[in-house]
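Note sheet for the following structure.
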Amino acid sequence: MTDEFTTEIYYDDDADESVLADRTVAVLGYGSQGHAHAQNLADSGVDVIVGLRKGSSSRKEAEADGLEVATPVEAASRADTVSVLVPDTVQPAVYEAIEDELEAGDTLQFAHGFNIHYGQIEPDPEVNVTMVAPKSPGHLVRRTYKRGEGVPGLIAVYQDATGDAKEQALAYAKGVGCTRAGVIETSFQEETETDLFGEQAVLCGGVTELMKQGYETLVDAGYSPEMAYFECMNEMKLIVDLIYEGGLMEMWNSVSDTAEYGGLTRGKEVVDDDARENMEEVLRQVQDGEFAREWITENQTNRPSYKQLRQAEEDHDIEDVGGRLRELFAWGEQQKEEVPADD
Ligand code: NAD
Ligand code: MG
Ligand code: MG
Ligand code: MG
Ligand code: MG
C-alpha cells in the first residue's frame, strides 16, 4: 500500500459558499437528513425553504425550528436548488409532482444515488444533478454542526448543466458542515452500488445473520439463550467499537491471545470461500440492477416479502431474550438516557 489516497479530500478552504449566495435551496422532506440539512444550511446563511405536504406532521416541527415551510411544488418553484430528502421509495412520485418547476440551470440534489442510478428519476439534461451524502445519520449531522464540527461526506456530479455543479455540491457540503471533517468525490454509480452492497452483505444483512446463526447454533446445542444472546449479540458492540477506534489490530490486541488465535483460525472457517462467492453474487445483483428491480416491484405491490421478513425478524427468539435482558440490566436504561433527543 502507498500512503497516498486514491482520491482528493476536500475541506472548508476548498469550498466557496458564495456559489450558493444567490440560490434558494428547497429541502423536500424533514426526516433524518432533511431536518439536519435544512437547519445547517440556514445557520450557514443559505436561503432555505422546506417543502412538505399539507398534512405532514413535520410541518410544525420545521416551523418551530424557525424555517419557512411550503408545499413541495411551491418550494421547488421558488428554489434554484432542490434537495430531495424524502424516502428513496417515494422520491419518484415526489419528483413527478415537482418536475415542471425545474428550470434550466436549476440543481437537483440528492443524498443517495438509487433513483438516478437505476433510472427511476430522469431529469432534463439542462438541470444539474448532484449528490451530497453525509456519511452519518441525520441527528449526528445536526449535532456535530452545532458543536462547530462536522461529519465526513461524499459529493458526486451526475449532470453538469451550468459548468459549476461540483462547486455547488462543495458549497452545499460546506453548508451542512461536511467540509469541516472532509469530503471525497465519488460517482452516483459507485455510491449507490457500494452503499447497497455494504448494507446487504456486511453491515445490516451480514452482521444480523452472523448473530442469529451463532445464537441458534449455541441454543440448538443446549446452551442457555441468555448466554447465547450475550456472546453472539451483546458483545458485538464492544468489539466493533475497538475496531472503529483503532482498526483490526487494536481489537486483536485488546482481546485475549486465546480469542485472537481462535478468531484468526476459525473465523475463516465460518466466513469461507463459499461466503465470498455469495458476496460476489450479492454484488452482481446490485450491479446488474436485479436487486433494484426486485425492490421497486416489492414497493409497487404493497411490500409482501418485506412485511413477512420483518415479522419473522421481530418474532425471532433473540429479540425476545435480548429485549428482556436489556430491560433487566442497568446498562440498558443508562444507554437510553445517553441518546439525546433529535435536534
Ligand atoms: P426519512 O425517512 O427520515 O424522512 C423522510 C421525510 O420525508 C419524512 O420525515 C417526511 O417529512 C417526508 N415524507 C415522507 N413520505 C413522504 C411523501 N410521500 N411525500 C412527501 N414527503 C414525504 O428519510 P431519510 O432517512 O432522511 O432519507 C432521505 C434521503 O437521505 C434518502 O435518499 C436516503 O437514502 C438518504 N440518506 C439517509 C441517511 C440516514 O442516515 N437516514 C444517510 C445518508 C443518506
Ligand atoms: Mg425553480
Ligand atoms: Mg443505504
Ligand atoms: Mg467471550
Ligand atoms: Mg473472551
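Cβ atoms are placed via backbone N, Cα and C, with glycine included.
Those TrEMBL annotations? Automatic predictions, nothing curated.
Going through GLY113, GLY119, GLY138 against TrEMBL, the one listed in the NADP(+) site together with TYR30, GLY31, SER32, GLN33, ARG53, SER56, SER58 turns out to be GLY138.
Of the candidate recorded positions, TYR30, HIS112, GLY138, GLU231, the one lying closest to ASP195 (Mg(2+) 1 binding site) when CA atoms are compared is HIS112.
Applying DSSP to the domain 'KARI C-terminal knotted' (187-332) sorts its residues as follows: 128 helix, 0 strand, 18 coil. Taking HIS112, GLU199, SER256 as the recorded positions under consideration, the smallest Cα distance to SER58 (NADP(+) binding site) is found for HIS112. Secondary structure from DSSP puts TYR30 (NADP(+) binding site) in coil. TYR30 (NADP(+) binding site) sits 16 Å from HIS112 (active site), taking the C-alpha atoms as the reference points. The average pLDDT computed over the domain 'KARI C-terminal knotted' (187-332) stands at 97. Cβ-based neighbour count (10 Å, all protein chains) for SER58 (NADP(+) binding site) stands at 16.
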